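**Student:** Just dropping this structure here.
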Amino acid sequence: MEMCEAGASLVCPEVKAMPPARPNQFERVFQPCLAELLGTMFFVFVGCVSVIENEGATGRLQPALVHGLAVAAMVACMAEISGSHFNPPFTLAIYLCGGLDMNMVFPYLACQLLGGVLGAAMAKAMTSKESFAKAHGAAFDVLQSNDALGGALFGEVAMTCLVTLVVLLGAVNAKTRSPMVPFLVGCTVAVLILAGGGVSGTCLNPARAFGPALMSNYWTYHWVYWVGPIAGGLLAALLVRLLLGDRKTRLLLK
């Protein structure tokens, strides 16, 4: 009888589970920032190496697959720690759509840029001087004249808008949130590199542009890879806030 009563007490519906412990400061601030730094660092590292050591026969296929798969892997691993932004336009857009507190915006941006520099430095240390110099350290060198400037800038805006929409609708917007968002973002990045790599290089990420440019001291048309992605990310946030978001996210027609 005593054993039966003890067993019954273990499954008693009146026994309430302890509420989960509130995250401490390390889990709320330092851990997410570290995840953003490491995630951006390894993404930029493998992305730069794939460009520097790219075999001519593979064309854009090798960088496209490497960048896309790296994004998918890092997003899947770090999503529960930091949200897996790894990209300043993503951070700005997610904040504007209510997915990030204001006090974390600037730490995230700083960690992403530092991660981009560290990743580019790792790529420089891994590759030969000849290969590194030939590829300008994987800095974006597609633009060589003002004739192609308009198309490249428009491409960076449009392509960043698309991938940011995938992030916002797949991870932030409650109505369309999907557990497949790492796969969706990775596939989108790969497809966009295949589609637009010959026009702008398909940066979509100022942290990815800044690190290699700093390591190789190559700044030709570098501003395009800040203005285009940031404008594209803000445009995506505007579309979600005004039209595509659920009632909690959308500002109009609630």
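Cβ coordinates come from backbone N, Cα and C, glycine included.
Positions annotated as transmembrane segment by TrEMBL: 33-52, 64-83, 148-171, 183-203, 223-244.
Help me picture where these features are in the structure shown.
**Tutor:** Note on the transmembrane segment (33-52): residues 62-63, 66-67, 70-71, 74, 77-78, 81-82, 84-87, 104, 107-108, 111-112, 114-116, 118-120, 122-123, 126-127, 131-132, 134-135, 137-138, 207-208, 211-212 of its chain, located 6 or more positions outside it, place their CB under 8 angstroms from a CB of the stretch.
Residues 31-33, 35-36, 38-39, 42-43, 46-47, 49-50, 94, 99-100, 108, 171, 181-183, 185-191, 193-194, 197 of the same chain lie 6+ residues outside the transmembrane segment (64-83) yet bring a C-beta within less than 8 angstroms of a C-beta in it.
Counting same-chain residues at least six beyond the ends of the transmembrane segment (183-203), those with a Cβ under 8 angstroms from any Cβ of the stretch are 60-61, 63-65, 67-73, 75, 140-143, 148, 151-153, 155-156, 159, 162-163, 166-167, 170, 209, 224-225, 228-229.
Non-local neighbours of the transmembrane segment (223-244) in the same chain are 87-90, 92-93, 96-97, 140, 143, 149, 152-162, 164-165, 168-169, 172-173, 200-201, 203-206, 208-209, 250-252; each lies 6+ residues outside the stretch with a CB under 8 Å from one of its CB atoms.
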**Student:** So what's near the transmembrane segment (148-171) in sequence-distant terms, Cβ-Cβ under 8 Å and 6+ beyond its ends?
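**Tutor:** Apart from its flanks, the transmembrane segment (148-171) reaches 79, 83, 89-90, 93-94, 97, 99, 142, 177-178, 180-181, 184-185, 188-189, 192, 195-196, 199-204, 221, 224-225, 227-229, 231-233, 235-237, 239-240, 244.
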